[in-house]
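Data first, discussion second: the structure below is written as structure tokens.
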């Protein structure tokens, strides 16, 4: 058949069929089983037009071409545009596509290649572009190991990003493209077909410029929710007079597209980092194919980080994002809490003149700044006592007598509101660490320190500076808050000159700096990872992002920051052992290249339910370095607390009154309180006392958070949460190809686990589970009732692996190696008999105890007398059920005699 001269890059499909299970995509390429409603809708359209069934059988599909639009039945007859039009009467964006359907009758010609491509993706064929890109986009998905370099390069277009002095289009000394994509190795994920598709994200920020060209997609939308303020207050606290008031009883809306023009600058920039469309222009978001819902904070980026916000508003907004389906919520809004200049004002608010309080000024320099007074107006945050003071002040503000007290939610802060909105859903909150030279993130991202139950749903984000011509390595942004006490849930991402959408016009792009733009880099990285792992929830993907983050320089050997110093002369080099988070960097820079290949550590027992994607491959080496170190640290903390009580936490902040009620000489006053009418009323005209914490309250609240942490640690001990282990459930097959050293063992409780690499711990195979592979299990294999041990990797399985993750090559094989093995009563051992006496088999260095059943599959006709070795071990104990020595067993109509002699289990063909 002759093709049109204007046909697209879509290859002509033969009529031999392709499977389209309803609501699921096949395993090939970027599909990975992720539910995508529009895919089965499209399949339904093809089925209705062609008459080919698509559910439970093989559809013959349709040939497709671009302009002029032409679709054909498998018999070669043309599918009319009207036939398709009648079934495409909904906006195309509803199904996740970027093209607009024209108002005129007939199929939009620009849609044809997109529809064609969608069919190709469904069947796992070559994708030279994707439904979230633009005509002429060179990006394509690799089909093999050999194609990976070219596929990666195809996504690294000018809007992908270049470093200073490296961009071939423009020279100069500034970063002039979105280098954040390069820093997280996004092109590897794209080359494998993962761009965030099928994932819903959320953003809490100042709103966004709806008309910006970078947001013209159905994948960005505001949430819709209203409520009534429960308290009154002011959102802005960075000047003497507070601003942006809200009043109890007033109705509010959180819709992200209703922000004031004066407010949405910050949110516009953050949204571009995650979700700016890939259109071949200035930049695109990292997770550009994810659905993004936006809620507004109710103000500009001047909204204070402090405890001055209404519980109801923040619960309503975050709950709206959760209800919209957001698995990750980006929160990088707001301004740090400020103090009156501590070189000038004392703790009573008295102005002592220039440098009048210099002797008693608390924490004036930053550790990395050459200035002796660099931090004089930022709330101190260097030590535990400083974070604890922020926790205390939050408790005071939301308790009875505080300015944000709500009797319906007594003691619940706006941070508690966020936690209350996400805690039952598993949604992860990603928060900026703050833009000051402190060793710890501020209270908001450090919230799990005082509410440890929230830790596995929080990520704190610090900053990284880009390479330059003079320094080709990443540099820690020492001027921003670092990991410190929050190191276990912190990453560091691009924070300087992050190219993104600007609010000055619909075609404006600009560079943004701070941990604000760093945060959506981490959020978007999680979006891409969620599209890669449809069988994982956001908490599990969070662990993948943390444990696969990069901590090395470009040579892959030296740690980040090696040889680098801050202006004060302090080293900013990574100091933690490999596999552990660092005090400055946290876990390092999220690495989507490494993140494509499974977790690198288990930070808790991993329950992997493969109910969505039928095949997955983890090729990273999986260790337990971090969880065992965390166990040591937590047990040491618990023992010290039991021995010392609250004294173990050290001294209190100077803003905690002395036991006799007097003021510490290093006390300070927070900005924006002295002229607040509510504060003046509560304090009877002494607003300078409001930010001070009584000694009795400090003791009470310290005991509260320390008791909570002690209980949490004890609960983790009781529940075995310091054990690095894997439990696999669901019908799918998981291949482990790395050198895995986690000691907690693996349990196969459903589907199949195939060990292709090495596992240092044992495997238990329980009811409904199968263990296979060609690797080595150093621990004991125990096959329980209903479980099956089936050594080897078939040719079909190996081919399926390559189609799932193109950079993983697995060859077929027959032998699984182990130490000791026990096949219990009700368990099974499955072997495949092949030509020439070859078979799948088990080789064990220890004893093999048999008691279950033998299951045989024959793929060839044997010659009489051919001997098949099914098991070879140090010793064989027992027999298969009902098959004593010399018994005859039948497979595929042929008989074989079984023997357990010579530490082997053999079958001899009759």
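Glycine is no exception: its Cβ is also placed from the backbone N, Cα and C atoms.
The feature active site, charge relay system is assigned by TrEMBL to 205 (among others). Less than 8 angstroms from the CB of residue 205 (active site, charge relay system) sit 256, 266, 267, 270, 271, 294, 295, 296, 297, 330, 331, 332, 333, each of them six or more residues away in the same chain.
Look at TrEMBL and you will find 266 (among others) tagged as active site, charge relay system.
What TrEMBL records for 516 (among others) is active site, charge relay system. Residue 516 (active site, charge relay system) falls within a helical segment according to DSSP.
Residues or ranges marked as domain 'Peptidase S8/S53' in TrEMBL: 196-555.
Annotation comment: TrEMBL describes 107-127 as transmembrane segment.
Cβ neighbour count for residue 516 (active site, charge relay system) (all protein chains, 10 Å cutoff from its Cβ): 26. The Cβ neighbour count for residue 266 (active site, charge relay system), using a 10 Å radius over every protein chain in view, is 27. Across the residues of the domain 'Peptidase S8/S53' (196-555), the predicted structure has a mean pLDDT of 97. Under the DSSP three-state reduction, residue 205 (active site, charge relay system) is assigned to strand.
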